[in-house]
Amino acid sequence: MRKYFLDNLRWIIILLLFPFHTFRIYSFENFYIHGPPNIILFDFIVFLAPWFMSLLFVIAGISTYYSLKKRTPKEYLKERLFRLFIPFVSGLVLLVPIQTFFAEKFHLGYTGSYFSQLITFFTKFGDLSGYTGGFTPGHLWFILYLFIISIIALPIIILYKNSSIKLNFDKINIIRIIPLFLIFWIMSDILDIGGESLGAYFALFMIGYFILFSDKIQQSLEKYKWYFVSIFLICSIINLMVMVPFIFSLLPDYYWVIDILYGLFSAFLSWAAILSLMGLGNKYLNFHNKWTEYFTKASYTIYIFHQTWIVIVAYYTLLLISSFILQIIVILFGSFILTIISYEIVKRSKLTRFLFGIKE
């Protein structure tokens, strides 16, 4: 039986990227387009940031468990190539340079042509953010990471399947699951590029594959969901009210100590969020209708296109509209509508379906 709540959690998280990346424009950190910082919008970012991408990697690990039940390893690799690597390359060539083009225009006053800037995109290397131009994978880092993790994980999964040693789920209870956040916290410094750790996401993917796929575990998470929701909300409030303001006010001499402790706290917060949302999802999102079916199919393409449209719409909106509230409304709804239109266009051609990994 298909786990519809996993599909629904996935597309809901991807739709949350519209406000997340729109609000990044008004955060206290740099972005492709930048407006006056707003503390309320920044708090929304701080609330989502510790857990929402982590949950996507957990769901990807669980989905891999089900995928390998109906595919051979060779078929799985082929599917990963066409579903992840080719769309990553397509987006890197066709979409991400548009974001850095408008970033250079906005931040540096660039007046040259798009095609001149396109050459710069592949030759100018900086911090890989692309916020002031130059090469960047942009938001497609997620697809690249997922492809790399899938390739690395497959031999481990095959080795486990062929081994006589198996996890005994009769001995794995909800209490033993809680300390698992220590695994991805320990691995968080492995290939941490721009705050996105390949090591931590690999650990979350593997936890999804080996543990959270279990019906028994999922039922336990549903049973104890409100306990985890309480922990998640308490940690989030602490993060918003105490931890983040405190860290920003720290003297450099103490930063390394707090960095370790805050990393541990963030990992626990992320894990509490994942467990609570898995439990809530299993209880309230395990359904299927024409709307959920549409967004389940569209969500991957929405992810690929959404940020490019946000940057384009934001560039012109900040130039033409002075009202802060109206700016947000135009960017949110404008980018969403244009992204949906993009999906409806590219899904109709065999070539564009291939380029952007849209399933038949």
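Just so it is clear, glycine is given a Cβ too, placed from its N, Cα and C backbone atoms.
Note that TrEMBL annotation is computational and uncurated.
If you look up TrEMBL, you'll see 4-343 marked as domain 'Acyltransferase 3'.
Positions annotated as transmembrane segment by TrEMBL: 9-27 (among others).
Feature annotation from TrEMBL assigns transmembrane segment to 39-60 (among others). Counting same-chain residues at least six beyond the ends of the transmembrane segment (39-60), those with a Cβ under 8 angstroms from any Cβ of the stretch are 6, 9-10, 13-14, 16, 19-20, 23-24, 26-28, 142, 145-146, 149-150, 184, 196, 200-201, 204-205, 207-208, 212, 236, 239-240, 244, 266, 269-270, 273-274, 277-278, 328.
Annotated transmembrane segment per TrEMBL: 81-102 (among others), in sequence order.
Marked as transmembrane segment by TrEMBL: 140-160 (among others).
Under the heading transmembrane segment, TrEMBL lists 172-191 (among others).
Marked as transmembrane segment by TrEMBL: 197-214 (among others). Same-chain residues lying 6 or more positions outside the transmembrane segment (197-214) and placing a CB less than 8 Å from one of its CB atoms are 53-54, 57-66, 145-146, 148-150, 152-153, 156-157, 160, 167, 169, 172, 177, 180, 183-185, 187-191, 267, 274, 278.
Look at TrEMBL and you will find 226-248 (among others) tagged as transmembrane segment.
Beyond the ends of the transmembrane segment (254-280), by six or more residues, the same chain brings 9, 50-52, 54-55, 58, 177-178, 180-182, 184-185, 188, 200, 204, 212, 218, 221-225, 228-229, 231-232, 235-236, 238-239, 243, 246-247 to within a C-beta distance below 8 angstroms of the stretch. Here TrEMBL flags 254-280 (among others) as transmembrane segment.
The transmembrane segment annotation in TrEMBL covers 300-318 (among others). Note on the transmembrane segment (300-318): residues 11, 14-15, 17-18, 21-22, 25, 32-33, 35, 83, 87, 91, 95-96, 98-99, 102-103, 105-106, 138-140, 142-143, 327, 330-331, 334-336, 338-340, 342-343, 346-347, 356-358 of its chain, located 6 or more positions outside it, place their CB under 8 angstroms from a CB of the stretch.
Tertiary proximity for the transmembrane segment (324-346) is limited to same-chain residues at least six positions away from its ends with a CB under 8 Å from its CB atoms, namely 18-19, 22-23, 25-26, 35-36, 38, 41, 298, 301-302, 305-306, 309-310, 312-314, 317-318, 352-353, 355-356, 358. Look at TrEMBL and you will find 324-346 (among others) tagged as transmembrane segment.
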Residues from the same chain, set at least six apart from the ends of the transmembrane segment (140-160), whose C-beta lies under 8 A from its own: 53, 56-57, 60-61, 64, 68, 73, 76-77, 80, 84-85, 87-88, 91-92, 95-96, 166, 193-194, 196, 198, 201-202, 205-206, 209-210, 303-304
